[in-house]
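What TrEMBL lists as active site, tele-phosphohistidine intermediate is A:H249. The CoA binding site annotation in TrEMBL covers A:T17, A:G18, A:G19, A:E20, A:K43, A:I100, A:T101, A:E102. Here TrEMBL flags A:Y163 as substrate binding site. According to TrEMBL, the domain 'CoA-binding' annotation covers A:4-104.
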Amino acid sequence: MAIYLTKESKVLVQGMTGGEGMKHTRRMLAAGTDIVGGVNPRKAGRSVDFADRAVPVFGTVREGIEATGADVTVVFVPPAFAKAAVLEAADAGIGLAVVITEGIPVHDSVAFTGHARTKGTRIIGPNCPGLITPGQSNAGIIPADITKPGRIGLVSKSGTLTYQLMYELRDTGFSTCVGIGGDPVVGTSHIDCLAAFQDDSDTELIVLIGEIGGDAEERAAAYIRAHVTKPVVGYVAGFTAPEGRTMGHAGAIVSGSSGTARAKQEALEAAGVRVGGTPTETARLVLETLEVRGDTVRG
Amino acid sequence: MDLYEHQARELFEEHGIVVPRAEVTDSPKEAREIARRLGGRAVVKAQVKTGGRGKAGGIKLAADPAAAELTARQILGMDIKGHTAGTVMLAQPVDIEAEFYVSYVLDRATGGFLAIASTEGGMEIEEVAATRPEAVARIPVDPAEGVTSAKAAEIAAAAGLPPQTVDVLVRLWEVLVREDALLVEVNPLVRTRQGRLLALDGKVTLDDNARFRQARWGAQQDEHHDPLEAVAAARGLTYVKLDGEVGIIGNGAGLVMSTLDVVAGCGARPANFLDIGGGASAQVMADGLSVILSDPAVTAVLVNVFGGITACDAVADGIVQALDTVRLTKPLVVRLDGNNAARGRAILADRAHPLIQQATTMDDAADRAARLAAA
């Protein structure tokens, strides 16, 4: 059944008629995504021809939902207009909004993620590669052809590290891979994905990829300790990265964490997560863990 | 982007928060004049975007204009944690009766903002928060509601701050929202013996993503202390200079950070962080290579690209084209993996440059680059 996205998902694309929107709509269609429409008020009523289907353009998300039963939207709208686009989607009652746009002001992200919560809309992103349930549907810009369906669930802040792990573990395959985005405020957290993977019968093992900054990995570690019974393998990037900007005294007061890769690794290991030193070692730990479990099941 | 103290002071003043009289200068002679205008005595403060100025000797009280000039001369050019004091701010001293702490900061955990307030302001606030958390109030602010007088009263009461701070709390929230700030901090907010409330020092972090709608700060860039960083920034590259000898180019911040780690794990030191992003055109590759090759500390270069959206043959074309404009003087290890990796590797193999070698995995590539750098 995967998480958040399946072959049943009907997907709208806000900003489909722009350059990035067109390119990635084509790729999503090729990956099997059921794209049911684009949204652009200035091009409403037209349709756009892709290889094997003409995709209608709607004036609003609401019209798109009413005409097609869409339950997912992928947002490629430029930063200055992204807040309005996401608020519109949430008000129209969309279930999932995947916000690819990079460079959205944080005050806008705070506003639309907060509003979406009150409307029951899940936001993934912003500034994220989206999510893919291999073999079923792809919502965003993750390359679909570097891996295959399987039983690993993956959650990550980083796009290219997600691709790296998807590729290294391509022979084992994935239930769903979620790129939650690296912005300070995102709609879906590591913890949300951990909870969803824990409940997903298609997911046998979870890969969690983190990087320096904030304390999301530390909070994820606490959640794993308390709630996750499936094996989790982790990777953290940024051990040698230069010390980043500090947020005055307030940042340290809020999180109580240094945000370093070391602190994150230690928190994850203390929660029983095996943490790889490199992406390749992380992939090896995944295979080892699955093998041991396989033996246990067979024995 | 972090603002200097004097810029934060200016913002506070515009939004009606009372601040001490002060002026900024880069000249000791002018510092003397400023001190005279301020009434003789002045606090001379290094303007650097880092904490710990006081402990580093970057904040001093001058008893008269002559002392102000001397002190300014000492502080200007001073290095504080790698930041050079290019200017000093001279501020009128105030008689402090009590020091408070107030801030609004983005709370990543909730995706909202937190008000943080304490009656124990001053330099040791982080220690207070760590050792006696009950002395520091943390109140979530609903961004849709903002900080009204009622909300400000709630924050003040929770922290034990006097009611006269309510007005400052409301105005400080306005600074946060109107300026698209991620952090606004007043530390200390002081009450003088005369009963006045002044923002004595402050820190403001603005959201770089909001530059397009913030006319005043939009064009202002963070200074680059390193000349190579300045060159890279001018070419639109995300480049950070580090202390090592292995130059690194990769695509995607996460993968590049990971590459630095793997190189360090091989016993070498990364010379830089350079993310060429998703597009990776020939021009971007050439720009990136030329920045890295002009770093005299670099003795070997590692290109680590995972072709996700980007196809590896396009990246290989980029490297080959870059060789036309950049003279390769140091060994280059290239690892291409993912989409069209085989074609990309074939393109580089055909070019057969004596200084270029290929690796198929990230770990192998890092190992080779580390050994070449040490050779």
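Yeah, the Cβs are placed from backbone N, Cα and C, and that goes for glycine too.
TrEMBL feature annotations superimposed on the structure.
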| residue | record | Cβ neighbours (10 Å) |
| --- | --- | --- |
| A:T17 | CoA binding site | 18 |
| A:G18 | CoA binding site | 17 |
| A:G19 | CoA binding site | 9 |
| A:E20 | CoA binding site | 14 |
| A:K43 | CoA binding site | 15 |
| A:I100 | CoA binding site | 27 |
| A:T101 | CoA binding site | 25 |
| A:E102 | CoA binding site | 18 |
| A:Y163 | substrate binding site | 30 |
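In this structure the C-alpha atoms belonging to A:T101 (CoA binding site) and the residue listed as 'substrate binding site' are separated by 19 Å. Contact with chain B, taken as any Cβ pair under 8 Å, is found for the binding-site residues A:Y163 out of A:G18, A:E20, A:K43, A:T101, A:Y163.
On the 0 to 100 pLDDT scale, the domain 'CoA-binding' (A:4-104) averages 96 in the predicted structure.
A helical conformation is recorded for A:K43 (CoA binding site) in the three-state DSSP classification.
A Cα-Cα distance of 16 Å separates A:Y163 (substrate binding site) from A:I100 (CoA binding site). According to DSSP, the domain 'CoA-binding' (A:4-104) comprises 36 helix, 27 strand, 38 coil.
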